[in-house]
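Positions annotated as domain 'Major facilitator superfamily (MFS) profile' by TrEMBL: 19-212. According to TrEMBL, the transmembrane segment annotation covers 20-41, 53-73, 85-104, 110-132, 144-165, 171-190.
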Amino acid sequence: MDPIARLDRLPLGRPHLRLLFLLGLGWALDAMDVGLIGFTLPALTREFGLSPVQAGLLGSVGLLGMLLGAALGGRLADRLGRKAVIGYSLFLAGLGSLLTALAPSLAWVFLFRFLTGLGLGAELPVAASLMAEWSPLRLRGRMVVLLEAFWAVGWLLAALLGYLLVPEYGWRLAFLAGALPALYAAYLRLSLPESPRWLMARGRVWGVDALV
């Protein structure tokens, strides 16, 4: 039987749930980073004396980065593989958050939030693709929806960080916690399986047989 056809017919098992958890944790960390700007914006406004327009732009610059990152992420995933792009983009998002915490001026905060958005935008659709490409055919939509549910977990984490850290320790420590995706990216590079469909498209049938 064709390896992809065999993959589509596999029953839901531990490998699928493990992949869902690994990718879901990445989604949650991404959502946490997206949510942090909303919970830290009042503190940033006070420190830098932001006008309403500047505050709105700061809240939006990460979304602009996500838009560009999503466009680039799919192209890179087709060339480099899903696993590589997920790892690199999570690292970029975490690095951007770390640099935001260390930013010496408002201009640098803008730049680093855009950089964070690039990583987030590239990771999210590629992670959803990897989940779909590994899932049994009859459960594919359901598994992607379950993955997207981790987004809510990330926003809850952002709210907790905003409530517990920002009033007492300031916005920089909150963004420092947002650097966790950079560490998680290193673990994912060792733990995630590659997409069997991507391997098949590259003629690496032996790799698909080993995975499936």
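A Cβ is built for glycine as well, from the same backbone N, Cα and C atoms used for every other residue.
Just so you know, TrEMBL annotations are computer predictions that nobody has curated.
Taken together, the residues of the domain 'Major facilitator superfamily (MFS) profile' (19-212) have an average pLDDT of 89. Proximity of distant same-chain residues to the transmembrane segment (110-132), defined by a Cβ-Cβ separation under 8 Å and at least 6 residues beyond the stretch ends, is recorded for 19-20, 23, 26-27, 30, 33-34, 37, 57-58, 61-74, 76-77, 82-83, 85-86, 88-97, 99-100, 103, 140, 143-144, 147-148, 178, 181, 192, 195. The stretch in 20-41, 85-104, 144-165, 171-190 that contributes the largest number of Cβ pairs under 8 Å to the transmembrane segment (53-73) is 20-41.
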